[in-house]
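What follows is a set of notes on a single structure, which appears directly below.
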């Protein structure tokens, strides 16, 4: 009898829960429309559901009428966006994840101390753009080990490194090792920049890979952490698909042998995961569903003060 092993934790992290609540509570408090700069989180199901309730998603603040409210997404923004919002008399509400804010704060602090900052991340990702925007003259982004070899800094340059919060633990280990080898005096945060949810989801998946022959990651193609989960499996030789809907499941899975693991990115709603479980169960008669608990998460982030109940 084949098994479907469900990784835990999976799906929504506390930062995503908070960001969605920010939009929902704002809509309840002030009514539609509420403008949101960028997708609040990188998941089409979430974005479409909020759009149906009256949220309007924009990439540029010029598309927000003067004087309206605008919410910043969980990924964070550069200071230039806040300045533009102020100039246009927008009422801004910040849904940036607290762990992303921690990385912003570290960048500003160490730049003020005279350090050159190396940011491990994907240059075009909105989170990285926001961090770089804090102190652009101090930050250099590296995406791979080869970028470390091309860095122009001398051995006596004060260096500090941080990372995008949603990266592969494997990639960060490789790149940070290369940084330490080239610059032994480089320093970083006492605790990792990688967020707890990214770490837990990757480690939970790693822990079951020896027991399965296939992996499904439920998440959006635009979700960094969902893509990294798929890479965790592929890097260890286990075939893996990134799916956003039950319809994305290849019906040929019935012809595969062995057990299957399923996890979900940090912005994936649990109802989508459950729909995917039902689809697999319909394709594979007698499929046994087993929960594998790697960690229990209890992190909760408060809503912005303007949205808290008085």
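From the backbone N, Cα and C atoms, a Cβ is placed for every residue, glycine too.
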Site-mate of 13, 97 for [4Fe-4S] cluster in Swiss-Prot, selected among 7, 195: 195
Other CB atoms within 10 A, centred on residue 125 (dimethylallyl diphosphate binding site): 19
Spatially closest candidate among 13, 165, 195, the listed binding-site residues, to residue 267 (dimethylallyl diphosphate binding site) (Cα to Cα): 13
Residue 127 (active site, proton donor) and residue 165 ((2E)-4-hydroxy-3-methylbut-2-enyl diphosphate binding site), distance between Cα atoms, whole Å: 8
Tertiary neighbours of residue 13 ([4Fe-4S] cluster binding site) (same chain, Cβ under 8 Å, six or more apart): 195, 196, 197, 266, 297, 299
Neighbour tally for residue 223 (dimethylallyl diphosphate binding site), based on other Cβ positions within 10 Å of its Cβ: 24
Separation of alpha carbons, residue 224 (dimethylallyl diphosphate binding site) and residue 127 (active site, proton donor) (Å): 10
Whole-number Å value for how far residue 97 ([4Fe-4S] cluster binding site) lies from residue 125 (dimethylallyl diphosphate binding site) (Cα to Cα): 15
